[in-house]
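Enquirer: According to Swiss-Prot, the protein carries these features:
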- 29, 30, 31, 32, 86, 87, 88, 89, 90, 413, 476, 477, 478, 492: ATP binding site (BINDING)
């Protein structure tokens, strides 16, 4: 296919038009008085949202060169969302500001490479100062404030803070659609995996069809149990203790399953068998997780162990296990705190190195199950459109809250970015490097300017007053008052603010240093054939 090529100022100008189109669409959502954007969907009702990355992903421009600019900004939003989970609109606004100011200087003859060096130095200084002024998130109230600011709902803030308190900061918190109108929180304590009993005759409660095992022993193996003789000595030892037994194995089949069921029905022995969760290497890892949590040893050939080698010391323990037809929940495993902590650290290190989104999700699930449990926020709303919008807001709030716990918080509403301006201005740079620094100084004001504009105020007036106010004092655009932002609960996670600035500067620098852009030439459509006269065809 033939290519269309633009050079230097023409190339940059075309891309900047795309940047402006996308940024102008996204930035109307910024701040407490931000508006919504309605997105047409191919099927079903339109989506109404104020989520920056969701809007950015939907924008596709007809002009190829403009579309490249728009896609680069969309990448900024996506990258910020991946790293911090929020701050996508701020990142978009910062990108537009850096590109706009940078383009003026490049057009006037400044060297783009020098400008990029200055931008990088200024951003590094700003990030360091953000870390200096950051405050740790120390309690449940602070967590609730972060979530409430991000979701624009105090109720959502309470749900998220309670969920994190119940399942821990590393715990899994999932967001599902509720069947009712109300949003509610449900917490599953302990480790849960999606495998149920192998026979319904193993239940202890015939009405609820669940098996409740109090203070059970737990056998963990990746082997298939088909011959009862393999585990008979172990069963006899467990029988002497009068305690129930949970068997987690690759499968229990052949004569072994009916023998276990028969003993259960006769009341000789309370035993429940379930299949091991996961598949392949992931199954081995999950079995090891269960073993660490319960203090068991996995009976596996990898350790040179056979089923006949299993002893009472090989078994794990827990205060309670509940098994239904689809899932198993292990509560308060008897594994040592040190072993669990080491396992958690191992999974965290794997999380840092993995590049697969699927692997990352599964590792986070394993981490949460070891850390204490799973919380589910069930989102309810009057209509499907409202439900989708609410779900997106809660996802943003959850991500922002995790980021706040990780790196701390700063004054929200763009205030922290203005607070670091003085430190960035101290950078001793010359020539085009100094120009790059000045571009960042101007861009750092832009989020506050846009928040003020969306709320109906003059941004320049707000900026001037903010620069002369104590650090942490800012403008509450929701009611027009000047307040201590942190005390008033208007806060942003450092990770969100930092990621937005770093990603914006990175992509903006790429656009400013672009000298040629290559795009596919649009195909010329052939003219439609003229209609044929039926009389000419013998009719």
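Note: Cβ is positioned from N, Cα and C throughout, glycine not excepted.
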Enquirer: Say we define neighbours as other CB atoms within 10 Å of the CB. Which of the binding-site residues 29, 86, 88, 476, 478 has the fewest?
Expert: 478
Enquirer: Would you mind checking how many other C-beta atoms are within 10 angstroms of the C-beta on residue 31 (ATP binding site)?
Expert: 24
Enquirer: Does DSSP give residue 88 (ATP binding site) helix, strand or coil?
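Expert: Once the DSSP labels are grouped into three classes, residue 88 (ATP binding site) ends up as helix.
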Enquirer: Quick one: what's DSSP say for residue 476 (ATP binding site), helix, strand or coil?
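Expert: Note: residue 476 (ATP binding site) is in a strand by DSSP.
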Enquirer: What are the non-local neighbours of residue 90 (ATP binding site), defined as same-chain residues 6+ apart in sequence with CB under 8 A from its CB?
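Expert: The answer is 30, 52, 414, 447, 496, 497, 500.
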Enquirer: Sort residue 29 (ATP binding site) into helix, strand or coil using the DSSP assignment.
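Expert: Helix, per DSSP.
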